[in-house]
Amino acid sequence: MGYKLLLMYIAIVIDSVIGTAEVMSHVTAHFGKALEECRDESGLSPEILNEFKHFWSEDFDVVHRELGCAIICMSNKFSLLKDDTRIHHVNMHDYVKSFPNGEVLSAKMVNLIHNCEKQYDDITDECDRVVKVAACFKVDAKKEGIAPEVAMIEAVIEKY
């Protein structure tokens, strides 16, 4: 009996992780649509712009200051930041919840971003700080098992 219960628990945990990664693929695909609009404003080179679609891959380094500027611009398109360029918790919760099954990811995503923001709060340049927060979030999301595979993003990108 205990063995069956353990297997059921493992299946639920795996389903939950896959579910949150799937939601993250929707969030990433939708959020990424604003990148082209923000390219000129942020000074993002065409090379980095092209690489951004691989944000979640191991090969993509989240290091360029211009990427931080682009993320600020993109976030502002969806009202996800406060005036001090820190996460707007309520708006981010609402944004993530707007996707299918978003409620399973919302709190975890906001918490991870907020914890990363605290680590880099002393950086005064907004673009530098935001790119550090994004890199931290990518690492932590992978640790938590909520980072989507690139194929998952490609599968849903046409919806947005």
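Quick reminder: no glycine exception, Cβ is built from N, Cα and C everywhere.
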- Per Swiss-Prot, which of Cys73, Cys136 is disulfide-bonded to Cys116? Cys136
- Task: Name the residue from Cys73, Cys127 that Swiss-Prot records as disulfide-bonded to Cys38.
- Result: Cys73
- Provide the number of Cβ atoms within 10 Å of the Cβ of Cys136 (disulfide bond), excluding the reference atom itself. 19
- Query: Quick one: Cα separation, Cys69 (disulfide bond) versus Cys116 (disulfide bond), in Å?
  - Reply: 17
